[in-house]
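Per Swiss-Prot, the features are as follows:
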{"type": "MOD_RES", "residues": "128", "note": "N6-(pyridoxal phosphate)lysine"}
{"type": "BINDING", "residues": "308, 309, 310, 311, 312, 313, 314, 315, 316, 317, 318", "note": "substrate binding site"}
């Protein structure tokens, strides 16, 4: 780690507390507690994220060492000031990865001890969740038992290269050709326990042929296609219509083929997969019970299954609602481990069978928490209100009607409902827009009507009561209509593709200002030229809203924003819409003495990098631009300036940069 990429300093989040009155501290503590509730940090944060007494987000990468924490807002600003850190950037906490791994292993250890389970347990990390070197190496160097899973040839090569650090279990999923199969068998020859999971019947013939050529006894697994299926956004990866796995008939055929080839002893692993991000613990229990029946029946057929791979599905609570919604879970690590271990052990005990080694492929649960995308707001559009002025004499009827509604609202004795005022003003505004489109009103008329309508909405909003059920739909409608628009320096398609593709919710909140109660609502928009580049769902207390609660902020100097729990899938699924590339990335290590070490692991893609992806040679582009400039009658100094700017842009960041 070079000195240029290192920050080592104490960060004491409460350094200024002694300068404030105890009353102010108590008030800010109450506000911080309210903001914790508003954004549900206590539940999705997993004890890794918190709001400190300054109202800033703090990060504790290892909750077992509470004194090791860092103020994220202070860290980012220090790096911007001292190192010129560009935003957006991923702030990655490898210590969170290692703590997640330890926590899952510990949960299964407790479950095995609690239920007298005699088999072992292995967490196998499916690298498809996040293949970055920093992630894989942080996990394999953690000192914890860990296996690796590959789903393609490229992933298999990465896994084989890193497996030397663990000498552990390798699970090979996905569709396979002979090259993939040979790589797996070579891994077995090198001393690893490599399980080739049969996903389709045509693979078994190739496996046996290549094993004979390499003179190695293969370890085989079979993926059974269950009738059980989880619910949610990823339910299609499980169930009878799943893309992967063998039906009951095909499982029997596989056993017969292996028996005829005198290779039945090679079939050692049973695998199933209910789906990713399983929200309901009942779905997990049901799937484990059904798969345990496969284990029992295979033993009856003489198959000595030694490993029981329950696949992925261990979810994380993106919302913090602790519910069965698609982006939440109604269980924790301990309950998950208990259900898996008890379900398998109960079936084994009932039929007098040995307890197999349990494998889980819990990639999302390991990686999601460890990465935060931090970015800056580049523009704010917010509604400003001034005292409405009456329309000019002889104004069109639609304008007069809007003004009448406003005046009625100022009369204390008026008993018309808030809903009625809203509907009347909406109809009047619709009339204004229609008449404007037909040339009956001018632009000044339209602007006056729209501003008065906003004032009416603002007045109605002040009088609404969230505890009144009848008011809630109106509250939601007006919050969307009146929300500030924050234009954020990032690409939704590159950094949070699941938010765009499947409406997944990620926790988003300011990194500072959280010692003040929320006063405004906002929606976040990215900088792509695409109307889909907006975040549509936000955490709001124990629910989800279409706007984000915001503490008071200066629109000329808005706070930094953090997009949390983006460590699983988002980096690798991100696409290049508008040629926005990978963001910069840093690894952050936090120590009990208050020091923080930061290593720049990725500078982020340049414009030239992205152009080359689409076969646009940067040097040729520069040459073409130079030719255009030389053909002009601009003076030599100006030509040189334009060429310098173009070349600097080619090798600059794809995102917006301050001068």
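From the backbone N, Cα and C atoms, a Cβ is placed for every residue, glycine too.
Structure coloured by features recorded in Swiss-Prot.
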| residue | record | Cβ within 10 Å |
| --- | --- | --- |
| 128 | N6-(pyridoxal phosphate)lysine | 20 |
| 308 | substrate binding site | 26 |
| 310 | substrate binding site | 26 |
| 312 | substrate binding site | 26 |
| 314 | substrate binding site | 26 |
| 316 | substrate binding site | 22 |
| 318 | substrate binding site | 25 |
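Residue 308 (substrate binding site) sits 21 Å from residue 128 (N6-(pyridoxal phosphate)lysine), taking the C-alpha atoms as the reference points. Rounded to the nearest whole angstrom, the C-alpha distance between residue 128 (N6-(pyridoxal phosphate)lysine) and residue 312 (substrate binding site) is 12.
Residue 128 (N6-(pyridoxal phosphate)lysine) falls within a helix when secondary structure is assigned with DSSP. In the three-state DSSP assignment, the secondary structure recorded for residue 310 (substrate binding site) is coil.
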